[in-house]
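As recorded in TrEMBL, the features of this protein are as follows:
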- 1-19: signal peptide (SIGNAL)
- 93-229: domain 'Pectinesterase catalytic' (DOMAIN)
- ASP142: active site (ACT_SITE)
Amino acid sequence: MGSLHMFLIFIFLLVSVNSNPCEHTSSAHRTIVVDADGSGDFTTIQAAVDFVPVNNTEHVLQREGGGGGDEAVRDLARGRPRGDNTAPAPMPGMEGWQAAAIRISGDKAYFSGCGFHGAQDTLYDHAGRHYFKDCYIAGSIDFIFGNGRSMYKDCELHSIAERLGSVAAQERNSPYERTGFAFVGCKVTGTGKVYVGRAMGRYSRFVFAYTYFDDVVAPGGWDDWDDDDNNK
């Protein structure tokens with residue numbers, strides 16, 4: 001498992017709340033109100049974001065508008081989380097060598113400008129709707145995998161496979177599941193040959209659109225997970 005860099009994550013929710021200019025329910029929770037008329041804590045969203053310090057340890061809610069009714073609430077996390085570790089890359093077929101850099105199971109998560117480094121099973125896109133923008137994802141075997149419903153936009157997918165690997169393994173098991181991975185405007189680079197997709201589920205779904213491929217794609221481009229029914 002390599003390093004994980006995240007500079008900012010926004011999770012957007014729309015909720016109905018009552019006004020109360022600034023709340024401090026505990027030392028670990030804070031609500032910031034943004035209102036252009038000056039009745040809140042800040043008059044602009046950017047000023048509120050800038051107020052949250054790097055490596056903040058409080059749970060901060062940013063609420064727009066000082067009046068009642070429907071208001072947009074942003075749940076903010078700010079900092080540069082990083083984890084470092086080293087381990088030998090597994091060869092194809094090795095069991096028990098998986099080391100995910102991250103698992104994401106929540107709904108409506110957004111990652112921008114993040115780096116995910118690993119070998120086998122780097123990014124576990126487990127479940128939910130996720131958006132990855134301008135990210136760098138490196139690995140060797142199934143380095144993006146799971147059953148999420150996710151868009152990867154303008155990302156670099158970098159193979160470190162020494163012999164044969166795969167970019168993604170998607171686990172959709174029913175034609176009625178609204179899941180799959182879409183790669184749009186991405187680049188597939190690296191060393192070693194890789195399948196662009198493997199059928200982790202009976203109805204695995206991948207879309208590669210407007211994507212650049214280095215000369216790393218294995219013949220056929222697709223692996224059926226040793227089950228011919230996955231080709232039907």
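Backbone N, Cα and C define each Cβ position, glycine as well.
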Q. Other than its own, how many Cβ atoms are within 10 Å of the Cβ belonging to the residue listed as 'active site'?
A. 25
Q) How do the residues of the domain 'Pectinesterase catalytic' (93-229) split into helix, strand and coil according to DSSP? A) 2 helix, 76 strand, 59 coil
